[in-house]
Amino acid sequence: MPTLRLPPLPNIREILKMYHLRAMKQLSQNFILNENLTDKIIKKAGILSDCHVIEVGPGPGGLTRSIIKREPEKLIVIEKDKRFKPSLEMLADAFAAVNGKMEIIFDDVMTFHMENVLPSTETKTWTDKCPRIKIIGNLPFNVSTPLIIKWLRAISEKTGPWKFGRTRMTLTFQKEVAERLTAEPLDTQRCRLSVMAQAWTQPILHFIIPGTAFLPKPDVDVGLVTFVPLTVPRTKHEFAIFEKVTRHIFSFRQKYSIRGIETLFPAEYRTELGQMMYKLADLDPQRRPMTLTVEDIDSLVSAYKYLLEKYPNLKFYEYRTSRHIISLSQAKNIEVVECTN
Ligand code: SAM
C-alpha cells in the first residue's frame, strides 16, 4: 500500500528526549517506539484515505505518524496530557506541509463528544457500507474496559460516532481482555464482555503485541482488536436489560447458568421464576454460562421481560450479597454490602 512521504522528523525516542517526556503511570502511558510496529497496527484499521480518523490517546505520536502516512482526509487526535502538545503540533505541521489536516484536542475521551467533530456529510444508513470514519487507539489500560462498554452501548443506540453509521474501531487492550472480547461459546475466556461485544459487533483479534514493544514495558502483553458493528445486531433488546441479564448469568461462572439467573429474583420466588425463564426460553437450565450463545441470552432476556410485564414489581429488585466487611462495618457501625454481580 503506498504511503505518504513526510518532511524529515525526529523519531519518537528522540522526541521523548527533546521534550523531556516521561511516561506517567497514572495515565497508563506505555509508548510504542517501533515505526514498523505502528505501521503494522494501522494497516489493520483498513483503508484510511478519504476517511475522518479519530485517534484516542496519541501520546508522543507514534501511531499518529503511521496514520498520517496513510493520508486520511482529516485526523483528529484526543489526548488528556498537554505535555504532548509540542510533539503533536510538530506532526500536524508536517502533515499540513503536504496539505493534510490534523486537529489536536486536549480532553478526556471518556466524556468527549466525538460526534461534534465529525461532518454530517459522512452519514450513511446503518445497513449501508461503513462510513468513512475510523476510530483508532492504543488505549490506556485504566479506561479501556469502561470505554468499550460505553462505546458498545453507543453502538446499540446508534449515538455518538455511530450516528454516522457502522463506524469501525481498532483498539488495543490488555491481552486477556482482547481474548475475552473475542471468546466464542465453550472458550474458557467466555464472559460478560464477550457476549456484550458480540451482540452488537464482530470483534476481530488481529495479533498480540509483546509487552517488550512498549516503553515502559507493561506487566502484560497487548491485543489489537477491530470491532465491526453488525448490520443486524444479534439481540433485539436494549443494552441495559441485556447487560443486566448477561451480568447475572456470568456471576456464577462455574455453576449451572440458572444459578445466576435466579438472582434476578427475590429469594422466595427464585426457584420458580428461574425455572420459568428457562421454559419460556426453551433452554436447559443446566447449561453452563460459557456455553450460552448470544441468541440463547437474547431468549432469556425475552423471558425476563415477559416476567417483568407480568410482575412489574420485579424490576425494583436488585441482588446484593451481604458479605460484610467486618472490620470496616464495625469501625463505622454500618452495614457494608459488596455487589458481586
Ligand atoms: N498512542 C501512543 C503510543 O501508542 O505510543 C500512546 C499510548 S499510551 C498507552 C495511552 C495514551 O492515552 C497516553 O498518551 C495517555 O496520556 C492518553 N490518555 C490516558 N487517559 C486518557 C483519557 N481519559 N483521554 C484521552 N487520552 C488519555
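Any Cβ shown, glycine's included, is placed from N, Cα and C.
TrEMBL has this to say about the protein:
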BINDING   ASN30, ILE32, GLY57, GLU79, ASP108, ASN138  S-adenosyl-L-methionine binding site
DOMAIN    37-231  domain 'Ribosomal RNA adenine methylase transferase N-terminal'
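This view paints the features noted in TrEMBL onto the structure.
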| residue | record | DSSP class |
| --- | --- | --- |
| ASN30 | S-adenosyl-L-methionine binding site | coil |
| GLY57 | S-adenosyl-L-methionine binding site | coil |
| GLU79 | S-adenosyl-L-methionine binding site | strand |
| ASP108 | S-adenosyl-L-methionine binding site | coil |
| ASN138 | S-adenosyl-L-methionine binding site | coil |
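Within the same chain, residues at least six positions away from GLU79 (S-adenosyl-L-methionine binding site) with a Cβ under 8 Å of its Cβ are GLY57, PRO58, GLY59, LEU88, ILE104, ILE105, PHE106, ASP107. Within the set of binding-site residues (ASN30, ASP108, ASN138), the lowest number of other Cβ atoms found within 10 Å of a Cβ is recorded at ASP108. Residues within less than 8 Å, Cβ to Cβ, of ILE32 (S-adenosyl-L-methionine binding site) and separated from it by at least 6 positions along the same chain comprise ILE12, THR38, ILE41, GLY62, LEU63, ASN138, ILE209, ALA213, PHE214, LEU215. Taking all protein chains in view, 24 other C-beta atoms sit within 10 angstroms of the C-beta of GLY57 (S-adenosyl-L-methionine binding site). Counted over all residue pairs in ASN30, ILE32, GLY57, GLU79, ASP108, ASN138, the record's binders of S-adenosyl-L-methionine, the longest Cα to Cα distance measures 21 angstrom.
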